[in-house]
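Visitor: Please find one structure pasted underneath; my questions will follow.
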């Protein structure tokens, strides 16, 4: 039987996104008993067995690697069964978010998205990128869309290159958001010019989600 200390050491090398290693003691451990004895899971690994993936906290390369790996694993387990992506994120890196986005579109299973708490910036983009008819938000969650942020430094030629890149990303994100919401690109460009916060009902009316969930269906 594995000890709790050994389990925490194992988890520290593969911590769930949004949690630092020092906080692992706060992650619940689930013990399942069967005819073959006991087996311990951290709560996120146990929920992964139910095809639930969590994207919590900043969207960065580490978060993207974890989410992408889980999506690919669940596809290999069953390519015909939906995956649920739970989002509570202030956003973050565009490149990391696009890695998650492209994987969501690439794999065979539909990816259902659900906002709990906050889906802002890239978090909102990924929320809207779920399978059509399977994008949800809880009633008191908030959604925020805006244009990509960037800070250019260096020589004038370097700043010019970075400016062209962020303008390209802005246009590309607007096109994709228009595709997923049904809004025209011009409206998306206007509405993302500054931080644009929405209630879950407003997000539904805008086309970012399909339904506000009061209770589990």
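Note: Cβ is positioned from N, Cα and C throughout, glycine not excepted.
Okay, so Swiss-Prot annotates it like this:
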{"type": "ACT_SITE", "residues": "121", "note": "active site, nucleophile"}
{"type": "ACT_SITE", "residues": "146", "note": "active site"}
Visitor: Which secondary structure state does DSSP assign to residue 121 (active site, nucleophile), in the simple three-class scheme?
Guide: coil
Visitor: Using the alpha carbons only, what distance in Å do you get between the residue listed as 'active site' and residue 121 (active site, nucleophile) once rounded?
Guide: 6
Visitor: Among the active-site residues listed here (121, 146), identify the one with the smallest other-Cβ count within 10 Å.
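Guide: Ranked by other Cβ atoms within 10 Å, the active-site residues 121, 146 bottom out at 146.
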Visitor: Give the helix, strand or coil assignment DSSP yields for the residue listed as 'active site'.
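Guide: For the residue listed as 'active site' - judged by DSSP and reduced to three states - the answer is coil.
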